[in-house]
Amino acid sequence: MQLRYVYSELGQGLRRNLSMHLAVILTLFVSLTLVGMGVLFQQQATKAAEQWGNQLQITVFLCRNGDSNPVCPSSVTDAQKTDIEAVVRDNPEVADYHFESSETALDKAKELYGEELFSGDNPAITAEDMPQTIWITLEDPEQFEGITSAVQGLDGVSRVQDMRKVIAPILGALSMLQWVALVTAAVLVFAALLLVANTIRLAAFARRKEIGIMRLVGASTLYIALPFLLEALVTAIIGVVLAGGALAAVQQFGIEGRGDDTLKFIPWIGWDEFGLALLAVGVLGPLLTLLPTLVLTRKYLKV
Amino acid sequence: MIRFEKVTKTYPGHPHPALDNISVDVEKGEFVFLVGSSGSGKSTFLRLVLREYRPTTGRVYVAGKEINRLASWKVPRLRRDIGTVFQDFRLLPNKTVTENVAFTLQVIGKSRKEIKDVVPETLELVGLTGKGDRMPDELSGGEQQRVAVARAFVNRPMILIADEPTGNLDPTTSVGIMKLLDRINRTGTTVVMATHDSSIVDQMRKRVIELENGHVVRDQAQGVYGHQV
């Protein structure tokens, strides 16, 4: 097959329908970016759920000096701690537990908020201000009411916190973002399909004379359709590269650069998950342009 | 070479068939005029040969193939055995004469060397030596039609179909084109030509098939255009 003709047709076709190709590329770019974002959000949600799902813990905050809770007249005593531990140990819902001292809690706080707040002659917060805690890992994450109510009323217990209450809104927000991205992407993907279809119709019209002659002299359908398919592939590749760049920017500046620093307690996605999003975009992009091209060239270029 | 067996072609939405139960046999190497008024079925006849359509009923054989049964993907191969010339030339305006003729060979995948050899030969045959670098709009109508004939014949097809090839040309130029078609016919190529041009048909004295409302009303060896024998 003489590819020289095909390449010259490809160049001509790209120039002839430049504005349409640009429209296709931009629509592809935005819709593929959103698809990629959807994948990233989904990965982030999975990762967060994995982390918090496995370590689904209930945290029992024990009374401290100056506790805001009126049931705590003073810091928890050792006797109270022994009693609480006995209840936790004997509860069938509990798989594992450990104490965390005020000092450990302070260290964790330092890590999250920075050293400055806690150092100097008159630090804003000292170990005294941090509550002692018991971290309870459950046998079954769904079975938590028994242990919660058993511990709740004990002397020396300030409050019981179920981590899920903290995490649920984060997971909810992630899932909502994921759906918003995917639904918007679906609408734009549809627009991209229509644009591709229009571009092919225009291109087939612009080349109707050549195509008519090619058919008459016995050019194969593939030979006639090849410039169209290559055009579709070129626009798809440009769209994928742009979308990949945008996603990489989100990953680099949005997650690696920022989210990681400010929202440390969330396990953030890394470049592995980015690779997965890129793969989705890389497969979807060419499919979005090649499939309608194949279908429509069969229709418009029928021998 | 071309055989129609009780062929009827009805277009969707038209009550009357364009061709109505016609049977025609064209032998290899024959020169046949297809005459008749507009709408008599000449174009439908040619389009069936090219397998642009399939017959509604009946069978059409072209170059030994039954086109009713020919799979779509085999159609391009069939058309490589058929050269086609039209009234309106149908040249590519942005290509030179040589490129227009070479286009046929390019799209069916002939090598560059072969194209280089065959195209000048064919241009010489149609009398366009030295005009290979011209653009179509720099040529007269007769010359443009010669380019179209060269393009149709460059692949040495078994059949040449000509649909009113002299329709846009003056009588003198038309005679030149007819001589060219006659020369091509003498190489063994079967020529089927649809025409309204009575003087050409009368001069050539070839077989004449006359269509009227989709029926063959006359099939005459060495015939003339009108009904006088």
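The backbone N, Cα and C atoms fix where each Cβ goes, and this holds for glycine too.
For A:21-41 (among others), the entry in TrEMBL reads transmembrane segment. Tertiary neighbourhood of the transmembrane segment (A:21-41): same-chain residues 14, 174-175, 177-179, 181-182, 184-185, 188-189, 191-192, 195-196, 199, 231, 235-236, 238-240, 242-244, 246-247, 250-251, 269, 273-274, 276-278, 280-281, 284-285, 288-289, selected by CB-CB distance under 8 Å and a gap of 6+ residues from either end.
Taken through DSSP, the domain 'FtsX extracellular' (A:56-160) splits into 39 helix, 23 strand, 43 coil. The domain 'FtsX extracellular' annotation in TrEMBL covers A:56-160.
Annotated transmembrane segment per TrEMBL: A:179-200 (among others), in sequence order.
If you take every residue in the domain 'ABC3 transporter permease C-terminal' (A:184-297) and average the pLDDT, you get 85. The domain 'ABC3 transporter permease C-terminal' feature in TrEMBL is assigned to A:184-297.
For the transmembrane segment (A:221-254), the list of distant contacts is 1, 6, 9-10, 13-14, 21, 24-25, 28-29, 32-33, 35-37, 40, 196, 199-200, 203-204, 211, 214-215, 269, 271, 274, 277-278, 281-282, 285-286, 288-290, 292-294, 297-298, 301-303: same-chain residues at least six beyond its ends, Cβ to Cβ under 8 Å. Among the features that TrEMBL reports, transmembrane segment is placed at A:221-254 (among others).
The transmembrane segment annotation in TrEMBL covers A:274-296 (among others). Counting residues 6+ beyond its ends, the transmembrane segment (A:274-296) has Cβ neighbours under 8 Å at 24, 28, 31-33, 35-37, 39-40, 43, 189, 192-193, 196-197, 200-201, 204, 225, 228-229, 231-233, 235-237, 239-240, 243-244, 247-248, 251 in the same chain.
For the domain 'ABC3 transporter permease C-terminal' (A:184-297), the number of residues in each DSSP class (helix H, G, I; strand E, B; coil) is 102 helix, 0 strand, 12 coil.
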